[in-house]
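What TrEMBL records for this protein:
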BINDING   13, 14, 15, 16, 43, 44, 45, 97  NADP(+) binding site
BINDING   281, 292  Zn(2+) binding site
DOMAIN    7-124  domain 'Gfo/Idh/MocA-like oxidoreductase N-terminal'
DOMAIN    132-244  domain 'Biliverdin reductase catalytic'
């Protein structure tokens, strides 16, 4: 029995792309990742080689029959177009979140992947952190009264990364994964151009009509940090539970999950739940953006 191998290409060599190249070249022993073989990488910049990985052109990556899957690690703005090209070429796709900067595009791409019978996998390493896994255990079975998730971070170039509801979709993913479906009650955004500062505030309610607030705040010199305050009927959780360090890197965990999908080892139920979550978060991100960009209502 010859084990199935999937030729892969990494597109974009920023921080994530370099991590992808490293992990594809050093798969975890006896893990699904051993079925992935790095063929090369694509970049607009000229590198030649990175370690043993060779640079190839985008045309080659799309045309080459030995390449079955693309890892897309470009800036957010170009995800949609890149996913489309590789799906059209009949390749499986792994893409860093957010998969697109509009809900419509995301739904179209997902449909395209299904029609072509290709795996479209969106990386969500924020759900794979030990910190998050502990938090999820802690929250399980408790009745939410109200909650806030407040993220701070450095300034992003919005032309490349998109509106904060999309670039910060990791936070939204947490809230949906922890508390189930949400609806947006209101969303506003404060921007101080001169200070390069931005603060988006979103008010949700849960299916049980409980309030949840998400604040995404970015400015020069702001530490990358998440603060939580979740109040339950049994008391409030204001700090993250202690979490062990994982022996397996986040990108490697994600890569193993992608390989499992390629090998047909992920259940239909899990795939359906994941699809729902990803598209639901992108739908909500779009609603949030629309709220924030509505012209101020003027009452006479």
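Just so you know, glycine gets a Cβ as well, placed from its N, Cα and C.
Because TrEMBL annotations are produced automatically, they should be read as predictions rather than curated entries.
Predicted, not measured: the structure shown is a model, and the values here were computed from it.
Recorded features from TrEMBL, shown on the structure.
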{"residue": "13", "record": "NADP(+) binding site", "CB count, 10 Å": "22"}
{"residue": "14", "record": "NADP(+) binding site", "CB count, 10 Å": "13"}
{"residue": "15", "record": "NADP(+) binding site", "CB count, 10 Å": "8"}
{"residue": "16", "record": "NADP(+) binding site", "CB count, 10 Å": "18"}
{"residue": "43", "record": "NADP(+) binding site", "CB count, 10 Å": "18"}
{"residue": "44", "record": "NADP(+) binding site", "CB count, 10 Å": "10"}
{"residue": "45", "record": "NADP(+) binding site", "CB count, 10 Å": "7"}
{"residue": "97", "record": "NADP(+) binding site", "CB count, 10 Å": "21"}
{"residue": "281", "record": "Zn(2+) binding site", "CB count, 10 Å": "28"}
{"residue": "292", "record": "Zn(2+) binding site", "CB count, 10 Å": "19"}
**Prompt:** Widest Cα span across the NADP(+) binders 13, 14, 15, 16, 43, 44, 45, 97, in Å?
**Reply:** 22
**Fill in**
Rounded Cα distance in angstrom between residue 15 (NADP(+) binding site) and residue 281 (Zn(2+) binding site) is 24
**Request:** Please spell out the DSSP helix, strand and coil residue counts for the domain 'Gfo/Idh/MocA-like oxidoreductase N-terminal' (7-124).
**Result:** 47 helix, 30 strand, 41 coil
**Prompt:** How many whole Å apart are the CA atoms of residue 14 (NADP(+) binding site) and residue 292 (Zn(2+) binding site)?
**Reply:** 30
**Request:** Round to a whole number and give the Cα-to-Cα distance in Å for the pair residue 281 (Zn(2+) binding site) and residue 16 (NADP(+) binding site).
**Result:** 22
**Prompt:** Where the distance is taken from Cα to Cα, which of the binding-site residues 13, 16, 44, 45, 97 turns out closest to residue 292 (Zn(2+) binding site)?
**Reply:** 97
**Fill in**
Over the domain 'Biliverdin reductase catalytic' (132-244) the mean pLDDT stands at 97
**Item:** Helix, strand and coil residues within the domain 'Biliverdin reductase catalytic' (132-244) as assigned by DSSP
**Value:** 30 helix, 50 strand, 33 coil
